[in-house]
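This report concerns only the one structure given below.
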2 protein chains.
Amino acid sequence: MAFPFGWNILHMASPPIERTVYIVSDSTGITAETFSHSVLSQFEEVHFRPVRLPFIDTVEKAREVAARINRNALETGVPPIVFSTLVNPASMECVRNANGIFLDLFGTFVGHIEQALGLKSSHSIGRSHMAANSEQYRNRIDAINFSLAHDDGQFITQLDQADVILVGVSRCGKTPTSLYLAMQYAIKAANFPLTPDDFERGTLPSTVAPHRGKLFGLSIQPERLAEVRNERRPNSKYAKLEQCRYEVAEAERMMRREGISWLSTTTKSIEEIATTVMQEVGLDRSN
Amino acid sequence: MAFPFGWNILHMASPPIERTVYIVSDSTGITAETFSHSVLSQFEEVHFRPVRLPFIDTVEKAREVAARINRNALETGVPPIVFSTLVNPASMECVRNANGIFLDLFGTFVGHIEQALGLKSSHSIGRSHMAANSEQYRNRIDAINFSLAHDDGQFITQLDQADVILVGVSRCGKTPTSLYLAMQYAIKAANFPLTPDDFERGTLPSTVAPHRGKLFGLSIQPERLAEVRNERRPNSKYAKLEQCRYEVAEAERMMRREGISWLSTTTKSIEEIATTVMQEVGLDRSN
């Protein structure tokens, strides 16, 4: 029996490709980890095994990392990929000289920027996260506490302090988005449910009505909503597709009537929802 | 009056350096934004003004970005810095040809990796965040819901499903750490307060005692704790330094006696606390 041309050969010629990826950092390595994930997701045929090695803040620890890289190369027969944000020159040299594919995340760009600005960098480390006790950091903690306290329509005073108030039917994605906005951007994001009671009354909940300018809506496809609600309360009226269709249609009608912008969360990640909310509400601190 | 040598001259010779930084992405640009912040924090004498330009997913939008870069260069008299994660070749060429210092975040490393692996990349975009509806994404949402439901000792059933249970005195950082672990790593992190009642009784809260293997402690300097509590409840007994000293000493004594590892959150960012917890509890999914 003959296979369609190419299929068989291709299949035989490519054993599964595996590669260990070390993310080596003086600090947490979280930024480098996320970044490396983005870069590596462009090689779909390879199965990467990421290993984050944080707080490599002495040459001794860097030597251990180098030894680990060498062991991996020996055991797997191929050099692992090494994403480094090490800044200390001695530590970096240690790791660079190991048997890996060494990618110097900071150095690569710091060099370009030094040239362009005609300045030397400070070669300091671990500055990527807000230091504890800084004002920025306090704002972030305050925002997290605010978003938690104002989750799902709780604690309805102080809504005037909110940067944004997300509205939408239960389980459309308000809570994770609020927390993400607070955690990542120190944005005080409250959220408030739109419920069948509101739809029967035909008006916005009286608590949020005075803050119309801060309202932003989240919506969702009824089919997806039914799935999500079914995981939470299987076989309830609340999770029925018919109920979900009713609530979504009513919520969108109300938002349209009240002139509230909204977006559909159905296929979006938390990061995408948060970014769109920031753009639409003009909260992008960087603009 | 003479200034110490150099001081005056240095001061006169350096006008404040300002530079606009555009973060241009097909997707949210959040990873690139955090990354660029790390890189640029190594140039302390420059005041950077970051502008994130997300969802640049058409050549038309890329042309608008290029025009914006050119306007900025004209208005400020210096080319802005451009961090790009654009993957679409036509869009990238548009932005690359504008009058900026162009840094191709993905391309730079994708090229190296292609060479090292002997493979071509897929040039696909926006893969950095977990897609909605994927299993990973559902795990993440589940973890956020879990951590919210099990915040501050609420909802004490299902603790057996927790990946980790953070314990410590009120306001030592348990809540933000739990939420971060859930949001970033889909870790089900519960948290439970250690209170004066527990110290008087001299035993772990009975709810968490059966889960000793999952407990991890957070502690904090009493002086810092008093500051944090004073912001929340000014001039209360709860916020008094003496009270904070008592609670912290008792909590640490209890954790020592019960063999619970802990770390001090006093000078650490949420990311640093979360990373250390993951290392200590063996939750680093990548290990």
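Glycine is treated like the rest: Cβ placed from N, Cα and C.
What TrEMBL says about a protein is an automatic prediction, not a curated fact.
TrEMBL lists B:Gly168, B:Val169, B:Ser170, B:Arg171, B:Cys172, B:Gly173, B:Lys174, B:Thr175 with the feature ADP binding site. Cβ environment of B:Gly168 (ADP binding site): B:Lys174, B:Pro193, B:Leu194, B:Gly217, B:Leu218, B:Ser219, B:Ile220, B:Ala251, B:Trp262 lie under 8 Å away, each six or more residues apart in the same chain.
The Cβ of B:Arg171 (ADP binding site) lies under 8 Å from the Cβ of B:Ile220, B:Leu225, B:Val228, B:Arg229, B:Arg232, each of these being in the same chain and 6 or more residues away along the sequence.
Considering other CB atoms within 10 Å as the measure, the emptiest surroundings among the binding-site residues B:Ser170, B:Thr175 are those of B:Ser170. Cβ neighbour count within 10 Å across all protein chains ranks B:Cys172 highest among the binding-site residues B:Val169, B:Cys172. Taking the centre of the Cβ atoms of B:Gly168, B:Val169, B:Ser170, B:Arg171, B:Cys172, B:Gly173, B:Lys174, B:Thr175 as the ADP site, the nearby residues of that chain (Cβ within 8 Å, site residues left out) are B:Asn191, B:Pro193, B:Leu218, B:Ile220, B:Thr265.
Neighbour density around each Cβ, counted as other Cβ atoms within 10 Å, peaks among the binding-site residues B:Gly173, B:Lys174 at B:Lys174. Chain A comes within the C-beta cut-off of under 8 angstroms for the following of the binding-site residues B:Gly168, B:Arg171, B:Cys172, B:Thr175: B:Thr175. Following the DSSP three-state reduction, the secondary structure of B:Gly168 (ADP binding site) is strand.
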